[in-house]
Amino acid sequence: MSRLYAIILIALVFNVIMTIMPDMKVEAVSCEDCPEHCATKDQRAKCDNDRCVCEPK
């Protein structure tokens, strides 16, 4: 019975981690697509080392 609880706990922790992780990922958007990409988030586009960075307005 304790193995069942352990499996359920691991599944719940994994679910929480997978929910949080996409928010922390770095999006690989080229500088050409940066203005459109940041406009969808209502943020200002900035290109840094050939990488798109969205900053708050």
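Just so you know, glycine gets a Cβ as well, placed from its N, Cα and C.
What Swiss-Prot records for this protein:
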SIGNAL    1-19  signal peptide
DISULFID  C31-C47  disulfide bond
DISULFID  C34-C52  disulfide bond
DISULFID  C38-C54  disulfide bond
Cβ neighbour count (within 10 Å, all chains shown) around C52 (disulfide bond): 21
Residue pair C52 (disulfide bond), C31 (disulfide bond) - Cα distance, angstrom, rounded: 6
Between C34 (disulfide bond) and C47 (disulfide bond), the C-alpha gap once rounded to whole angstrom: 7
Neighbourhood of C31 (disulfide bond), C-beta criterion under 8 angstroms, separation at least six: C47, D50, R51, C52
Same chain, 6+ residues apart, C-beta under 8 Å of the C-beta of C38 (disulfide bond), given in sequence order: R44, A45, C52, C54, E55
Winner by Cβ contact number (other Cβ atoms within 10 Å) across the disulfide-bonded residues C34, C47: C34
Assigned conformation of C47 (disulfide bond) - DSSP reduced to three states: strand
